[in-house]
Amino acid sequence: MSLKEKTQSLFAEIFGYPATHTIQAPGRVNLIGEHTDYNDGFVLPCAIDYQTVISCATRDDRKVRVIAADYDNQVDEFSLDAPIVTHDSQQWSNYVRGVVKHLQKRNNAFGGADLVISGNVPQGAGLSSSASLEVAVGTVFQQLYHLPLDGAQIALNGQEAENQFVGCNCGIMDQLISALGKKDHALLIDCRTLGTKAVSMPEGVAVVIINSNFKRTLVGSEYNTRREQCETGARFFQQPALRDVSLAAFNAVASELDPIVAKRVRHVLTENARTVEAASALEKGDLKRMGELMAESHASMRDDFEITVPQIDTLVEIVKATIGDKGGVRMTGGGFGGCVVALLPEALVPAVQQAVATQYEAKTGIKETFYVCKPSQGAGQC
């Protein structure tokens, strides 16, 4: 049963009438451009064919009722006429409440709604299940009440909800690619202007995501530390963000910077340059160059930004040894575990899956999870 069928049938069963709309918003994988988004830089993600799906309908009153199908049909209910506050015991509820609260703060006029939510974006893997949920909820109210919001505004609203209501500092990339993704394309995003450029993916290329299943523990605290180090670097150069610092300017005075901050800055500057070049390599179908750029990105995350772990490095080595110069592989996401992403010819997928299955667990004691994805369409009706 598809997510659409599941949420529609559950909606009718629980609420006693049929849903009028079913909305989907995808998860994402970032092909290259890591920890550049909050430095006003460039990222190159694609939406993937794992998504959050919501069947919904308007209500005549000012109540919002939500059923989380993936959490034993837990219920949340709140009024649009009372201050929307965080839910103490149901973390998933806060993503919904936060999005609705921030839609209100943007002076959108809308009434109540019934929602049934289900999704298949792997959670805790760095594939943006939370952004997918935020964008799906924003799109629900936009569609039900014809709100004058475009995809970028729905994305910004989701980011605000996550930063200010849920209390997690995130850049704009995850929400933006979920809202604006394009089938068979990656999206080069300028995180300062929110300008996007669709980059066609070469035919016959698979997007493979492998979850290391290494339990991420440091990600929250270390993420904030990295962010502070980048801001320190920008202040040193008297610039609003590292986006405004050239590599030449950095190299001229790198020795004057705190050595750790210097490494963090170098990663961001070189990663921005790699990301812009990667978009052009991908468009030309130059998988060899794309692979080189992904390898440089991984080395930079490992050595300069210091956000990889041995398990992730092992996965990258296994995949790289199998695909050679026919594609690329790197860690993707915030770091300290999570996933690697690989671009490779579809014909090589079985060999990569076999190599990882025989070597990764033997070397690390952990069993991986392997996903083959298609670059997919952003949020909308399904």
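Cβ coordinates come from backbone N, Cα and C, glycine included.
Annotation for Arg28 (site 'Transition state stabilizer'): spatial neighbours Pro45, Cys46, Ala47, Ile48, Leu127, Ser128, Ala131, Ser132, Met173, Asp174, Ile177, Ser178, Gly181, criterion Cβ-Cβ under 8 Å with sequence separation of six or more. Marked as site 'Transition state stabilizer' by Swiss-Prot on the basis of sequence analysis: Arg28.
Annotation source Swiss-Prot lists substrate binding site at Glu34, His35, Thr36, Asp37, Tyr223. Asp37 (substrate binding site) carries a helical DSSP state (H, G or I). Around the Cβ of Asp37 (substrate binding site), the number of neighbouring Cβ atoms within 10 Å comes to 21.
Among the features that Swiss-Prot reports, ATP binding site is placed at Gly124, Ala125, Gly126, Leu127, Ser128, Ser129, Ser130, with the record citing sequence analysis. Neighbours of Gly126 (ATP binding site), defined as other CB atoms within 10 A of its CB across all chains, total 27.
Swiss-Prot lists Ser130, Glu162 with the feature Mg(2+) binding site, giving sequence analysis as the kind of evidence. For Glu162 (Mg(2+) binding site), other Cβ atoms within 10 Å of its Cβ number 24.
Within 10 Å of the C-beta of Asp174 (active site, proton acceptor) there are 29 other C-beta atoms, taking all protein chains into account. Annotation source Swiss-Prot lists active site, proton acceptor at Asp174.
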Spatial neighbours of Thr36 (substrate binding site) that are distant in sequence (at least 6 apart) but have CB under 8 A: Phe42, Val43, Cys191, Val268, Glu271, Asn272, Thr275
Non-site residues, in chain order, whose CB comes within 8 A of the mean position of the CB atoms of Gly124, Ala125, Gly126, Leu127, Ser128, Ser129, Ser130 at ATP: Gly27, Val121, Pro122, Gln123, Gly333
Other same-chain residues whose Cβ falls within 8 Å of the Cβ centroid of Glu34, His35, Thr36, Asp37, Tyr223, the recorded substrate site, in sequence order: Gly33, Tyr38, Asn39, Val43, Gly171, Arg226, Val268, Glu271, Gly334
CB contacts for Ser129 (ATP binding site) [other CB atoms within 10 A, all chains]: 22
Around the Cβ of His35 (substrate binding site), the count of other Cβ atoms that are within 10 Å: 25
Integer Cα-Cα distance in angstrom, His35 (substrate binding site) to Gly124 (ATP binding site): 18
